[in-house]
């Protein structure tokens, strides 16, 4: 499993995320309450920003190349591919 540090408005939380689990699902299993809506990678409710490390969000269909290039991630369809740090609650920063 990878260690994923989530920087939330209520503080930093580090959780373990298996390579085949979506980050949002793992966060919920750890008792964290993160924003989401569609859970299908087709909206921006769950958006976060990768501060360090790498993720795979090839299942997402909402973010354009520029947004992905700036580090934005849809946590509902993102897998960790290394230990990483992600700022959550970033939907407003997208626009």
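Cβ atoms are placed via backbone N, Cα and C, with glycine included.
Annotation comment: Swiss-Prot describes 38, 43, 46, 76 as [2Fe-2S] cluster binding site, evidence class sequence analysis. For 2-92, the entry in Swiss-Prot reads domain '2Fe-2S ferredoxin-type', with the evidence type sequence analysis.
Mapped onto this structure are the features recorded in Swiss-Prot.
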residue : record                        : Cβ neighbours (10 Å)
38      : [2Fe-2S] cluster binding site : 14
43      : [2Fe-2S] cluster binding site : 17
46      : [2Fe-2S] cluster binding site : 28
76      : [2Fe-2S] cluster binding site : 26
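According to DSSP, residue 76 ([2Fe-2S] cluster binding site) sits within a helical segment. Secondary structure counts, DSSP: the domain '2Fe-2S ferredoxin-type' (2-92) has 17 helix, 31 strand, 43 coil. The [2Fe-2S] cluster site is defined by 38, 43, 46, 76, and by the 8 Å test on Cβ atoms against their centroid, the other residues of the chain that qualify are 36, 37, 39, 40, 41, 42, 44, 45, 62, 74, 77.
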